[in-house]
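Quick notes on the structure that follows.
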Amino acid sequence: MVMESGDNGASARERLLGGDGGEAGSESAVAAGTLGMVFASTGVAVLGSFAYGVAIGYSAPTQAEIRQDLQLTLSEYSVFGSVITIGAMIGAVASGQIADVAGRKGAMRASALVCIVGWLAIFFAQSAASLDFGRFCTGFGVGVFSYVVPVFIAEIAPKALRGGLTTLNQLLVCTGLSVTYIVGTVVSWRMLVIAGLVPCMILIVGLFFIPESPRWLAKVGRQKEFEIALQRLRGKDADVSLEAAEIKEFIETIENLPKAGIQDLFSRSYIRPVIIGVGLMVFQQFVGINGILFYASETFVSAGFTSGNLGTILMGCIQAPITALGALLMDRSGRRPLLLISTSGLLVGSLMSGISFYLKTHGIFAEQVPVIALTGILVYIASFSLGMGSVPWVIMSEIFPINMKGIGGSFVTLVNWFGSLAVSFAFNFFMSWSSSGTFFFFAFVCAMAILFIVKVVPETKGKTLEEIQVSINHGT
């Protein structure tokens with residue numbers, strides 16, 4: 001059944017291919033109801049994001065202590081630091097299928113359990129093998145989290161708040177990083193494991209008290225649960241009949257669409273969202289963020305500090321507030337302006353850091369070098385936190401139509417983690433080769449990212465998911 005609906009006369013099939021549908025209905029429902037359950041559900045989901053931040057930041061403040069306690073070489077620790085990305089890549093490949101089969105809540109629950117296994121392996125580790133196994137498990141968990149959390153939030157949030165709420169994903173990632181950086185300077189590496197275990201345990205409990213994504217429930221034919229979940233999200237007194245009817249209509253249309261395969265991502269209909277999503281993720285990683293985050297402490301020592309603690313603590317202090325500012329601006333200034341400002345700041349920070357290491361190598365202004373390096377890295381981290389850390393994930397959750405979300409989101413997330421693997425594994429070796437050259441390369445990537453954003457990335461602020469798809473298809 002395909003019915004004409006809406007001011008623009010778009011068919012259900014056209015609106016489906018543009019998004020999840022039901023946006024207009026959800027807005028009226030929200031106006032009459034309450035956002036309490038939406039906020040509660042988002043709060044539970046982003047515990048996975050917090051665990052993600054702890055996992056990727058864990059190797060930064062613990063490097064010297066773990067290497068000393070377990071007698072690890074630089075290569076062995078580089079494997080430990082980067083093996084999380086191998087697990088995350090596998091998690092990314094599986095994330096769409098897990099989320100489609102087990103549901104968004106089921107995927108988050110499975111991720112949390114795998115992360116718990118990983119953290120326990122790290123806590124009891126007596127060798128590099130146990131460390132690597134634990135790091136791999138946490139990687140698999142956060143690989144799934146990195147896809148399913150923004151998708152879950154985007155599916156339950158009204159369009160006026162979708163950008164800001166989805167950005168909470170990155171805010172909690174940064175908060176997890178900040179906690180890890182700061183606490184990791186004062187507790188042992190084994191005790192720091194608790195920062196990863198606790199949010200996973202709370203998440204598992206919290207999932208019992210929030211509804212599943214109504215769109216997923218409708219998609220798998222669980223009609224009664226779909227209606228209950230939608231009502232809980234919109235408030236007990238809200239009229240959700242219009243939204244429910246629209247979602248049902250979309251699901252009927254889905255059943256008439258061919259099953260999506262990996263080859264469909266490269267068809268003419270979907271290649272532009274793939275280019276946008278993959279491009280943003282490539283640039284997000286190859287500006288060097290995970291190399292700096294994974295090995296922050298040793299990077300500051302290389303710049304001339306006797307200890308990396310000061311720089312690591314300052315990084316931890318600025319990330320969460322700046323990311324919160326980005327979340328507030330997300331639905332006001334728009335996605336593209338935030339990306340451009342963020343990437344320009346990354347360019348400046350990379351250049352400053354590269355210059356500082358160049359001066360250190362040539363013995364110029366030796367006393368000022370640590371301050372220049374610290375300032376450059378802090379500018380870099382603040383700029384990344386403002387937009388480049390969060391906006392690509394928000395856009396990823398918006399640009400794929402629902403019949404392509406699972407496979408498209410998994411592919412884009414896989415590309416992101418592949419880039420993370422390359423950067424995190426090579427970073428220490430690149431720094432040994434040329435510290436200044438490493439940061440000048442990151443600066444070049446930032447410049448290319450600015451051109452890509454200007455030429456390719458659409459603005460999605462204030463648009464329904466179907467309007468976003470129309471703008472992508474018409475190249476606007």
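Count begins at 1; order follows the chain as displayed.
For all residues, glycine too, the Cβ spot is worked out from N, Cα and C.
Just so you know, TrEMBL annotations never went through curation; they're auto-generated.
As given in TrEMBL:
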- 41-461: domain 'Major facilitator superfamily (MFS) profile' (DOMAIN)
- 1-21: region 'Disordered' (REGION)
- 35-58: transmembrane segment (TRANSMEM)
- 78-98: transmembrane segment (TRANSMEM)
- 110-127: transmembrane segment (TRANSMEM)
- 133-153: transmembrane segment (TRANSMEM)
- 189-210: transmembrane segment (TRANSMEM)
- 274-296: transmembrane segment (TRANSMEM)
- 308-330: transmembrane segment (TRANSMEM)
- 337-359: transmembrane segment (TRANSMEM)
- 371-395: transmembrane segment (TRANSMEM)
- 407-431: transmembrane segment (TRANSMEM)
- 437-457: transmembrane segment (TRANSMEM)
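For the transmembrane segment (437-457), same-chain residues at least 6 beyond its ends with a Cβ under 8 Å from one of its own Cβ atoms are 275-276, 279-280, 283, 286-288, 291, 335-336, 339-340, 343-344, 346-347, 350-351, 353-354, 357, 376, 388, 395, 427, 430-431.
For the domain 'Major facilitator superfamily (MFS) profile' (41-461), the mean pLDDT of the prediction comes to 86. Against the transmembrane segment (133-153), the recorded stretches 35-58, 78-98, 337-359, 407-431 differ in Cβ pairs under 8 Å, and the greatest number is found for 78-98.
Same-chain neighbours of the transmembrane segment (308-330): 60-61, 163-164, 166-168, 170-171, 173-175, 177-182, 184-185, 296-301, 338, 342, 374, 377-378, 381-382, 385-387, 389-391, 394, 461, counting only residues six or more beyond its ends whose CB sits under 8 Å from a CB of the stretch. Through the fold, the transmembrane segment (337-359) approaches residues 283, 287-288, 302-303, 326, 329-330, 365-366, 368-370, 372-373, 375-384, 386-389, 391, 435-440, 442-443, 446-447, 449-450, 453-454, 457 of its own chain, all at least 6 residues removed from its boundaries and within a Cβ separation under 8 Å. The transmembrane segment (78-98) shares more Cβ pairs under 8 Å with 407-431 than with any other stretch in the list 274-296, 371-395, 407-431. Long-range contacts of the transmembrane segment (35-58) within the same chain: residues 84, 108, 111-112, 115, 118, 122, 138-139, 141-142, 145-146, 148-149, 152-153, 156-158, 161, 165, 168-181, 184, 192, 195-196, 199-200, 202-203, 206-207, 209-211, 232-233, 235, 290, 293-294, each at least 6 residues beyond the stretch ends and with a Cβ under 8 Å from a Cβ of the stretch.
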